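Novice: From Swiss-Prot, for reference:
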- Gly150, Val151, Ser152, Arg153, Cys154, Gly155, Lys156, Thr157: ADP binding site (BINDING)
Amino acid sequence: MLRKVFYISDGTAITAEVFGHAVLSQFPLEFDALTIPFVETEKKAEAVKAQINDCFITTGERPLVFHSIVKAEIRDIIYSSEGLDYDFLNTFVAPLEKQLGMPATPALHRTHGKTNDSYEARIEAINYAMENDDGQTMKHMDKADLILLGVSRCGKTPSSLYLSMQFGIKAANYPFTEDDMDNLKLPDALKRNKDKLFGLTIDPVRLHEIRQSRMSNSRYSSMRQCRMEVKEVEMMYKRERIPFVNTTNHSVEEIATKILEATSLERHMF
């Protein structure tokens, strides 16, 4: 039986999940996880406590409870359960209060809530990424913070959306297709924004596997076509002095981090 894990918060529970995943990923085990957001009342907290206690009775093992709860009275109810508590916020707040010489002023939903102009900036960045995905339009490239380039299925769209959602970066992306390969060059709209260009590449074998799952036994997915496209695009990156990273076997989080590290783009945290 898998060890039970609870991610609990009086907000979205995103912080608790991220913290918990980071810790649990250090162990080569699988877990049975349950996320419970918006535990904003004592009544809800008592219900969650009952779930945790029932789990302990059923399994005979104390559940792992990762939480980021602002309200002390709700936090105390979770503390009184049979779970093993890992309190992300309170672990660090008290030492910081001492160092900063002032008490914390807890507020619900401050971390991932709709509280200020930064929220609107994030929505604007997400809308921009969707409107400028896959070369749909070249009219607004001058408004981009970043323009990702690459062959089809190398990770441009998920990387653009992740950068916009997590960091408020206006990321457009442009694909190089089979039709471009005979005379591969940058379109004028990209040339005018060359300082914003960043390339993605991928191992041809992995690209072949991805394309096969989408359009099997086609020219588009053939090993020969994949090798040719990757080779031509990488040669163009080098010719035009466009920085690029290899996305093979990397998660979208890792790809985004590599891009940010290479470009020194400012992260807009929310």
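Keep in mind that glycine also has a Cβ here, set from the backbone N, Cα and C atoms.
For each listed feature, how buried is it and what is near it?
Specialist: Cβ neighbour count for Val151 (ADP binding site) (all protein chains, 10 Å cutoff from its Cβ): 27.
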Novice: Radius 10 Å, atoms counted are CB only; among the binding-site residues Arg153, Lys156, which position scores highest?
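Specialist: Output for this query is Lys156.
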Novice: Give me the sequence-ordered set of same-chain residues, not including Gly150, Val151, Ser152, Arg153, Cys154, Gly155, Lys156, Thr157, with a C-beta within 8 angstroms of the centroid of the ADP site's C-beta atoms.
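Specialist: Nearby residues not in the site list: Asn173, Pro175, Leu200, Ile202, Thr247.
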